[in-house]
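Visitor: Below, the features straight out of Swiss-Prot:
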type	residues	note
BINDING	ASN7, GLU379	Mg(2+) binding site
BINDING	LYS14, HIS203, ALA204, GLY205, ASN206, GLY207, ASP278, THR279, ARG280, GLY326, ILE327, GLY328, GLU329, ASN330	ATP binding site
BINDING	ARG88	substrate binding site
ACT_SITE	ASP145	active site, proton donor/acceptor
SITE	HIS177	site 'Transition state stabilizer'
SITE	ARG236	site 'Transition state stabilizer'
Amino acid sequence: MKIMSVNSGSSSLKFQLLEMPQQEVIVSVLFERIGSNQAVLTMKTKDKKDKQVLEVPNHQTAVELLLDALIQKKVINALEEIEGVGHRVVQGGEIFSDSAVLTEKTLAQIESLCDLAPLHNPANIISIKAFQKVLPQTFQVAVFDTTFHQSMPAVNFLYATPYYWYQKYQIRKYGAHGTSYKYVTEQMQQILAKDNAKIIICHAGNGVSLCAVDSGKSVDTSMGFTPLEGVPMGTRSGNIDPAVVKFISEKENKTVACVIDDLNKKSGYLGVSGISNDTRDILASIKEGNQQAILSHDIQVKRIVDYIASYYVLLKGIDALVFTAGIGENSSFFRSEIIKRLSVLGIKLDEEKNKVKGKQELITTPDSTIKAFVIPTNEELAIAQDVLRLKQNKTNQYKDDQQECFCFCG
């Protein structure tokens with residue numbers, strides 16, 4: 001069964017076409033700079049990689065070009081071969097505690113959550129509608145970043161603000177990276193052969209968050225109402241005193257929205273180092289002895305260690321610490337700096353194994369009291385797996401209904 005995993009941004013569209021349940025990637029496609037006459041389409045199969053520059057005014061055109069390209073390149077012979085499409089949606093609010101089949105009702109519910117994710121949900125919705133127009137009969141599913149964290153208890157997701165803010169405006173912690181956490185959790189349960197494993201996962205890419213997992217469920221996570229909360233990231237500040245927003249607004253003669261934009265886009269690595277938001281640039285500058293680069297990295301590592309220590313206490317000990325996503329999977333320096341600061345817990349790094357990049361590996365010594373792993377995440381596969389699961393559920397329900405009808409009519 002061919003299933004498509006879609007991840008859309010305001011000016012980008014990324015997807016994979018997978019053969020399921022074999023988990024085979026047929027093609028990966030990335031559309032960048034949508035909305036311009038210099039949009040870039042990159043298509044990668046097992047055998048080759050093609051790149052084109054095209055005029056693409058909107059997502060609808062992008063989707064049509066993408067699907068036409070699949071046929072022209074003979075990746076598929078007809079659109080009907082695509083039996084399912086899974087769309088990454090950033091915010092599911094409290095409405096969705098699982099991925100959902102896309103219907104008029106569920107799409108309207110997703111649209112109602114745009115206030116909670118004004119930068120992301122509208123772009124997700126545009127992409128969904130574009131695919132529905134081109135593939136109107138195809139089974140389509142929304143897979144939310146937030147659903148994995150809906151298992152958090154109120155004491156962990158509520159803020160100590162006026163309670164009516166939550167009742168009236170749904171102000172609470174929602175978290176992010178849930179699809180990644182779900183995938184990594186399932187991988188770790190298999191590795192440890194333990195369904196009730198207690199795990200702390202560090203998802204470190206340009207966006208960075210942590211999650212405490214107990215028996216396959218999220219107990220707490222570092223990102224909050226938006227992805228701005230938590231640890232410093234590539235361009236995000238992470239936690240700060242909220243009063244800073246008003247203070248800087250007055251001192252710099254900026255609107256609150258502009259200050260929040262600075263916290264989202266001009267802070268973190270970029271803000272402190274003054275160099276870049278890219279970890280590779282920061283690490284290169286650290287090697288050269290750049291003190292601001294060192295400081296930006298140290299601040300991030302310190303805050304990550306704070307969360308790990310807090311979650312260790314919350315879970316009353318852990319079976320494993322896991323690093324995933326771009327930085328977590330590929331930076332041995334990043335991992336070693338964190339693990340060294342956790343030595344008080346008895347965790348011991350195997351320096352040789354820690355050299356691994358982008359591959360699954362146990363990176364602690366045999367006598368380490370806590371196991372630490374590198375586990376590559378695969379959000380596209382996780383999305384496809386959810387589409388397959390919901391499609392099979394629908395098929396099984398149809399068969400059950402038919403059987404009941406047969407028995408009743410007979």
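Glycine too: its Cβ is placed from the backbone N, Cα and C atoms.
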Visitor: So of ASN7, ASN206, which of the binding-site residues has the fewest other Cβ atoms within 10 Å around its own Cβ?
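Guide: Taking ASN7, ASN206 as the binding-site residues, the minimal 10 Å Cβ count falls on ASN206.
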Visitor: Would you identify the secondary structure of the residue listed as 'substrate binding site' according to DSSP, in three states?
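Guide: Strand, per DSSP.
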Visitor: For LYS14 (ATP binding site), what is the secondary structure by DSSP, using just helix, strand and coil?
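Guide: Looking at the DSSP assignment, LYS14 (ATP binding site) belongs to a strand.
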Visitor: Pull out the binding-site residues from the set ASN206, ILE327, GLU329 whose C-alpha sits within 10 Å of the C-alpha of GLU379 (Mg(2+) binding site).
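Guide: Within 10 Å Cα-Cα: none.
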Visitor: Based on Cα distances to ASP278 (ATP binding site), point out the closest of the recorded positions ASN7, ARG88, ASP145, HIS177, ARG236.
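Guide: The smallest Cα gap between ASP278 (ATP binding site) and any of the recorded positions is with ARG236.
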Visitor: I want to check the contact list for ARG88 (substrate binding site): same chain, sequence separation of six or more, C-beta distance under 8 angstroms. What comes out?
Guide: SER5, VAL6, ASN7, SER8, ASN124, VAL143, ASP145, THR179, GLU379, ILE383
Visitor: Under a three-state reduction of DSSP output, how is ASP145 (active site, proton donor/acceptor) classified: helix, strand, or coil?
Guide: coil
Visitor: Return the single residue from the recorded positions list (LYS14, HIS177, ARG236, ARG280) that has the minimum number of other CB atoms within 10 Å.
Guide: ARG280
Visitor: Give the sequence-ordered list of residues that share a chain with ILE327 (ATP binding site), lie 6 or more positions from it, and have CB atoms under 8 Å from its CB.
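Guide: Those within reach of ILE327 (ATP binding site), by Cβ under 8 Å and sequence separation of 6 or more, are ALA204, GLY205, VAL208, THR279, PHE334.
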Visitor: May I ask which residues of the same chain, at least 6 positions away in sequence, place their Cβ under 8 angstroms from the Cβ of GLU329 (ATP binding site)?
Guide: PHE323, LYS357, GLY358, LYS359, VAL374, ILE375, PRO376, THR377
Visitor: Checking the spread of the ATP site as listed (LYS14, HIS203, ALA204, GLY205, ASN206, GLY207, ASP278, THR279, ARG280, GLY326, ILE327, GLY328, GLU329, ASN330): what is the longest Cα-Cα distance, in whole Å?
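Guide: Max span of the ATP binding residues, Cα based, is 23 Å.
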Visitor: What is the number of other Cβ atoms found within 10 Å of the Cβ of ASP278 (ATP binding site)?
Guide: 15
Visitor: CA-CA, which of the binding-site residues LYS14, ASN206, ARG280 lies nearest ARG236 (site 'Transition state stabilizer')?
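Guide: It is ASN206, whose Cα lies nearest.
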Visitor: The residue listed as 'active site, proton donor/acceptor' has how many other Cβ neighbours within 10 Å of its own Cβ?
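Guide: Within a 10 Å radius of the Cβ of the residue listed as 'active site, proton donor/acceptor' lie 25 other Cβ atoms.
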